[in-house]
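Asker: Just dropping this structure here.
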Amino acid sequence: MDLLTLLLEKKLADHLTFPETINAHWLAEGVLQLIPHEEGNRSLVISAGIHGNETAPIEILIQLLAQLAEGTLALKNNVLIIFGNLPAMRTNRRYLHDDLNRMFGGRYLNFPLGNERSRAAELENVVNRFFAEPSVSSTNIRWHIDLHTAIRASHHEQFALLPAQNRPFSAEFMQWLHDSDIDALVYHREKAGTFSHFLSEKFGADSCTMEMGKAMPFGENDLTRFQKITDALYGLISLSQITARIKFELKHYQVINSIIKSHDSFQLHIPADTLNFTELPEGFEIASQHDHHWKIKFPAKFILFPNAEVANGLRAGLLLALNKK
C-alpha cells in the first residue's frame, strides 16, 4: 500500500520506519518530528494540506518521507512534517466547517466548535512541543514553509506570501526563495490568522505561505511542474546545494488593501475566471456590498485571491501594488 493511501486511511504511523540515523516521533495524527542523530543547526517546519483539497504539496511531502525512509535522502536538520487538515483531505474539501488558515494565534477561540477549531489548537500545541525539544530549542535558525495550491489560475503560477513582521527576513531565507524559482513574492503588512504568521510571530521563524499552482484532485497533479521547489525543499533537509535560479527576475508585490466581505449582498465585479495578479484599470469598481464599494486606486492595481463565496467577516480578495525593484 502506498504512503498516501496509508496517510488517508490513518495507517501511516504504523507502517513508516526510518534509518537508525533518524529519531522519528509522531506528535499527533499527521504530525511527524524527525531529528537527526548528528545535531543540525537549523529547525524546519514544513506543512501541507492546511486546506484539504490542495493536494500537490501533500504528494510532494509523501515523496519526501519515502526518500527519507529509504535512506536515499539524508536528514541533516531538525524537521517537523505537518499534514494539516486530514478529514478535509479524505473528502477532497478545502475544510469541513471553517477555514483552518484563519484560526492560528489563538483565533480559533473565536470560531464555533468543529474540526478546524480542534485542529488549529492541536497544531499550535505540537509546534510548541517541537520548538521546546532540546535539540530544536538550541538552534538559532528557524524556518517554516507552508505549502499550498490556489483555487484559481494565476499570471504567476508559483509565488510566496511573507507574513508581516517587524524584523527583516534573513538573507539566507530570501536567497532560498529566489533559488526555488518561484515567480513572485507578496509582502503582507498586517497581522493575520495564517499558519505562517503564527510561526513568524510566536517562534521568530522565517516563514512563508508558498503557492505552487492550481489545486487539483489527488492523482491528477503533474509533479514535474514543481520540481525546482521540490529540489529546494530536499536541499534544505539534506544540506545539499540547489541550483541557481533559472527563471526571469523575481517580482515583488505589497499588499495594500484587503477586501473584507461583511454582508450577504457582497459581489465581485470581475469574471469568475479572472487570474490571480490580474492588473485592473484605475477607478474600476471591483467589489460592492450594501454599504461599501471597492474601487481600484493606484498603486493597488493587482487582484489576488478573489473569492465572493467566503463567509461573512473573511477576506474576499487582496489588492496589491507592484514594487519596482
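Glycine is no exception: its Cβ is also placed from the backbone N, Cα and C atoms.
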Asker: Determine which of His15, His97, His144, His148 appears in Swiss-Prot for the same Zn(2+) site as His51, Glu54.
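Answerer: That Zn(2+) site, as Swiss-Prot gives it, pairs His51, Glu54 with His148.
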Asker: If you measure Glu211 (active site) to Glu54 (Zn(2+) binding site) at Cα, how many Å is it?
Answerer: 10
Asker: For Glu211 (active site), list the number of other Cβ atoms lying within 10 Å of its Cβ atom.
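Answerer: The Cβ of Glu211 (active site) has 28 Cβ neighbours within 10 Å.
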Asker: What number of additional C-beta atoms lies within 10 angstroms of the C-beta atom of His51 (Zn(2+) binding site)?
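Answerer: Result for His51 (Zn(2+) binding site): 23 neighbouring Cβ atoms inside 10 Å.
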Asker: Neighbour count, 10 Å Cβ-Cβ cut-off, for His148 (Zn(2+) binding site): what number do you get?
Answerer: 25
Asker: An 8 Å radius from the center of the His51, Glu54, His148 Cβ atoms defines the neighbourhood of the Zn(2+) site; name the other residues of that chain inside it, in order.
Answerer: Ala48, Gly49, Ile50, Gly52, Asn53, Pro57, Arg94, Asn101, Leu147, Thr149, Ala150, Ala215
